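Taken from TrEMBL, the feature signal peptide covers 1-21. Marked as domain 'PA' by TrEMBL: 58-140. Look at TrEMBL and you will find 163-185, 222-240, 246-267, 288-305, 311-328, 340-361, 417-438, 450-473, 479-496 tagged as transmembrane segment.
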Amino acid sequence: MAKTPWIIILSVILLSSQVNCQEAILHISNGATDKEYCLVYNSLWTNLSLSLSAATAYPLVNLSSSLLCSSAGVSPATVRGKAVVVMRGKCTFNQKALVAQDLGAAALIVASTTSMSPPAANVTEDDKVQIPLALMRYRDFLDAQNVFGEEMQVRLYAPAVPVFDASIVVMLLIGVVTVALGGYWSGACERERLSASRGGGGGGGEEKSDSGDLALHSPLKVVIFVALMCLMLVLMYFFYKYLVYVIIAIFCLASATALFSCLDALLDLAKCSPMSVTVLGRSVSVRSVLLSAVCVTVAVVWGVYRNEDRWIWILQDLLGVAFCLNFLKTISLSNFKICVILLSLLLLYDVFFVFITPLFMPNGESIMVQVAMGPDAAGEKGNTVEVPAEPSTTYEKLPVVMRVPRFSSWAQNLCGMQFSILGYGDIIVPGLLVSYCSRFDVWVNSPKKIYLFCCCIAYLCGMVVTFAVMLVTKMGQPALLYLVPVTLLVSALLAWRRGEMRQFWNGTTYEVLDSTREPLLPGNPYCQMEHLTMTAEEESADYS
C-alpha cells in the first residue's frame, strides 16, 4: 500500500502534451489610440500577413447582433470592403464566411463566448472561402467598443514564431541541474547511511534510511509497478474530471513534503540550529514548525491560484524541482539490472501511449496526450456544426510539467501565456539511473564521482538531441525516446571500461559469500562482517 501514491504520481508525471497554436493579432486603431487583441484562426484555411506593416487596414462593422447565417437584413453596401464582426452560433464557420463574402465583406471576425478553438470547415468547401476568417473573444470586442467606440480600423496579422526560443535553454538548465542535484543528494545520503553502519550504529542505517526509503529490487515488482501505472493512466482517461482533483491534492501534499525535505537539508548544511523547545514533556523543533508552515503555505497558494498563468508557473516550478529532488532521494533502484528493466519498460510505456494508441482510439488521439491536455484538448477539431453560445467549461490541467514562458511568442501570449514545458517524467526517470550511479560511486569509493558525472553528461546530451529534433521537426518529442538509450549506454560502457560491470550490474544484491572474492567496497570489510554476524546469529538460533 505504501507504494500506491508513488505509482499514481509516477504514472501521471510521464504525461506530455503539445498544442498546435494558430494565434494571430487583431490591431485596432482610431487614429489616436492603438490596442491589440488575440485572434485564433485556421492556418490551413486563412492566410494572414506576417507583420503589421504588411497587413491591410479595414474599417470594422459591428454586426454582433447577427449570427450571419444568411444575408437577410444585411445591406451589401454596409459591409462591402470592410471587416465584419458577428456572433458565433447556429451555423458553421464556413457558412458565415460564404455569406459575408457574397455580401462583399473583406474579412470576417467571429466573436465567441465559448472556447477559442481554431475554426474548422468542411474540406470540400475550403476553396470557396477567399476572405480572412478568425475568432476573437466576445469580451475583447466589448472592451474594444469601450475604448474606441464604433469608429475602428482593424488589421489582422500573424507574426512568425521563431523556431528557437531562449526559454528552451532555461528548461534545459532546470532539467540538468535537478537531475545532477538529485543524484548527488542520493549519493550523499547513501554515504551517511554506510558511515552510520560502519560506526556500529546497530541498525541505525535502517532507522534513518534517507537513501532509498522505497527500493525497487525485484524485476517482478518492477513489472507490476509499470502495469499499475498503465492502469492508472487508462483510469485517468475515462474518469479524468474526477481523478484530476485527486492528483492535484496528492501533488500539493507531496510537493509541500518535498519542499520541506529540501529546505531542511539546506539548513542542516548551513549548520542552522533546530531551536528545540520542550512542550508537554516533548522536544519540538521551532525550525521544523516554521519551515512546515512556509512549505504548506506555498503549496496552498499554488493550489488556490494554479490557473493564474501569469505568475503561478514560478511556484509550480519551485514545487516541481523540490518534488523531483525528493523523489530521486527517496526512491532507489538496487542495481543496474533493475535500472535497465524499469527504464526500458517506461520507454515502451511512453511510446505505446503516445504513438500506438492513436491507431485504435475512436478520435485518433493518443491516450497520453489526451490525458495530459485534458478533456477539452481536441476542442472542436473536425466539428463543422456550431452550437449556440454558452459559457465555456474550463478543465483542470495536471501539474506534471516544468513551465517557462516563451519569450518571443507575442501573438500567442496575447491569447494566453505560452510555455516551453518539460515533463517531470523526463527528469525523474533518467534521474533514477543518475541516482544509482551516484550511490555506486559511494560503494566503489570513486574519488571523482565518475559515474555520476558521466551519467549527467549523458543526460545533457540526450536533452540536447531531444530539443534539436523538436526544433527540426517542429513537433513535441517524447524525451525518454532519446534519454533512456543514451544514459543506459553511457553508464554500461563506463562500467565495462573500468572493469566493474559485474558489480555495477548486481549493485546492492552483490553478496560476498567467498572470502577470497573482492568485496564490493574495497578496503571496507563491514559488508562481510554484517554477513558473518547474520550467519552467526542464524546458527545460534538453530542450535538453540
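Glycine is no exception: its Cβ is also placed from the backbone N, Cα and C atoms.
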Secondary structure content, the domain 'PA' (58-140) (per DSSP, counts of residues) = 23 helix, 22 strand, 38 coil
Tally Cβ pairs under 8 Å between the transmembrane segment (340-361) and each listed stretch (222-240, 246-267, 311-328), then give the stretch with the top tally.
-> 222-240
Near the transmembrane segment (163-185) in space but 6 or more residues beyond its ends, with Cβ under 8 Å, are 265, 317, 321, 324-325, 327-329, 402, 404-409, 419-422, 426-427, 430-431, 434-435, 437-438, 449, 452, 455-456, 459-460, 463-464, 467, 471, 474
Which one of these stretches, 246-267, 288-305, 450-473, has the most C-beta pairs shorter than 8 Å to the transmembrane segment (311-328)?
-> 246-267
Mean of pLDDT values spanning the domain 'PA' (58-140) | 80
For the transmembrane segment (246-267), find every same-chain residue at least 6 residues outside the stretch whose CB is under 8 Å from a CB in it, and list them.
-> 5, 8-9, 12, 185, 236, 287-288, 291-292, 294-296, 298-300, 302-303, 306, 318-320, 322-323, 325-327, 329, 396, 398-399
